[in-house]
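Participant: Take this structure first; my questions come after.
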Amino acid sequence: MVGSLTIGTTFLLSPVSGILTDKIGLRRTTFIGGLLTCSGMFLSSFFTHSVAALYFTYGIMFGLGAALAYTPSLAILGHYFKRYLGLVNGIVTAGSSVFTAVMPVCLNYLVEHTGLATSFRILAVISSFVIFCALLYKPLQPPPPPPKVKPGRSAVNTFLRSFINFDNWKKRRYIIWAVSIPIALFGYFVPYVHMGKFVLDNFPGENENLPVMCIGITSGLGRLIFGFIADMPRVNRVLLQQMSFVLIGTLTMCLPATGSFPLLLAIALAMGLFDGCFISLLGPIAYDICGPRGATQAIGFLLGMCSLPLTLGPPVAGKLYDLTGSYKLPFILAGIPPLFGASTMFLIRCVKDDVQQTTVTEPKLEPLAHAAWDCENPTEGKPMNGQLQHERRATLASSGINAKSPLLTHASVSSLILEAYIADNPVFRLYAERRYCYGIL
C-alpha cells in the first residue's frame, strides 16, 4: 500500500509540478523536488517499523518530490532540442527502464546485507543527485505571460487564470489527447502488476520476475528506437502512439493463450518495446500540440489525469481474478481500454485548433550581443513552434537599405558599428548591427 500511495501521489500531484514550474521556474521546482525525495527517503529510515509514518515520509513526501522533479525533466528538453526532441526524450526516459531491470536485484542485496534502514539512507544519497542536477537547469524559453485582466471577470476566475494555463484547454486536440491517454491506461498496467502471479499459476517453477525484467529491458530499447523514428520527416507522432496502444492491447489479450514460457517471454519483450514507444512520445506530442509555453502544464495535467486509471486498473483486475480464479477474463478486459483509447485518438485528425495570427512589426533596437545570439541560432525562414519566423534582413529593406546600397562597400565592420553609435543614427545603427550578424561583406 505504501508503494501504491507513492505512485499515486507522483501522478496525482503532477499538475502542481506543472503550475509551479510556470510560476517559479524549472530549476527551483526540480530543486524542491530533490529536497523532498531525499528528505522523504532519509526520514523513512527512522520509521521502518511504522507503516503509518511511512505513508507520510515515503508515500507523500517522496511521491510529491518525484512529481516535482519528473515533469520539469521532460519540459526542459524542449528548451534545447527541436529537431531531435523525440530521440532526446527516448534517451532521458530510457534511464527509468534500466533501473527497472537493475534496482530490484540491488535492493534485494541491500536489504539482505545491510537492513531496510540502511537501504533507505543509501537511496536518500542517490536521490540527492536530483538536487545537483537541478542546479544545471537553465531554461531558454520565457515563462508564460500573465493573463490579461478583462472587465467583468470574477476574482476567482482571475485567480485561477494566474496559475492555470487555460489556453491549453482551448485546444481541442489537446483535450482529445488528454482524455484518450487515461482511457488507454486503465488496463495498461494490469500485466505489469499481475504478471508474477500469472507465471506462478500457469508456469510453476519458472522465474516469476523474468517477464517484468524483459519488459523493462526492451522498454528502454523501444524508447530509443521510436524516439529516433518520431524525429523523422513526415512521421505522425500521434499515429505512432496509437500504434503502440493497439499492439499493447492486442498482446495483453493474447497472454491467457500462451502455452509455453518462452512464448510468454516473447510477448513480454514485444510489450516492452511498444511501452517504450508510448513513454518516449509524451513530451514531444505535448510540445507539438501546446507549444513550448504550454507544454509544461500539458504534461503535468496529463499525468495527473492518468493517476486514477493507473490506480484503479490493477485492483479491478485482482478482484476479477478472485471471483473467477483465472487471469483469462482480467487480461482480456485489460486489453480493451488501450484499443479504445487508440481509437478515440483518431479524432485529433478531425479537429483543428485556432492559430492566432501575428503581424510582423519592425524590430526594436536591441544590444549587439542579442543580435549575435540570433546569428548563432538562425531560423533561415523555417517554421519554429508552428509559426514562421521572418528573417531580419527584411527589416533592412523596409528601412530603405538594400544590397545595392553604397553602405555595403564599407571595408571594416567594427568601424562601421563604431561610427553608427557615434552618429547616434537609429536606422544606421540597426543596419550596422544586422550587418555584423549576417556578415555581408
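In case you wondered, yes, glycine gets a Cβ from its N, Cα and C as well.
TrEMBL does not curate its annotations; it predicts them automatically.
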Participant: Out of 33-51, 299-317, let me know the one TrEMBL marks transmembrane segment.
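Facilitator: Checking TrEMBL against the ranges 33-51, 299-317, the transmembrane segment one is 299-317.
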Participant: Among 84-110, 116-137, 210-226, 238-258, 264-287, which stretch has the highest count of C-beta pairs below 8 Å with the transmembrane segment (329-348)?
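Facilitator: Most Cβ pairs under 8 Å with the transmembrane segment (329-348) come from 238-258.
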Participant: I'd like to know if the transmembrane segment (238-258) touches the transmembrane segment (52-77) in this structure, counting it as a touch only when three or more C-beta pairs sit under 8 Å and are separated by 6 or more positions.
Facilitator: no
Participant: Go through 116-137, 174-190, 238-258, 264-287 and flag the stretch with the largest number of C-beta pairs under 8 Å relative to the transmembrane segment (84-110).
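Facilitator: Comparing 116-137, 174-190, 238-258, 264-287: 264-287 has the most Cβ pairs near the transmembrane segment (84-110).
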Participant: In the same chain, who gets a Cβ under 8 Å from the transmembrane segment (116-137) while lying at least 6 residues past its ends?
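Facilitator: Cβ under 8 Å, 6 or more out: 26-28, 30-31, 33-35, 37-39, 41-42, 44-46, 48, 62, 65, 69, 72, 76, 107, 110.
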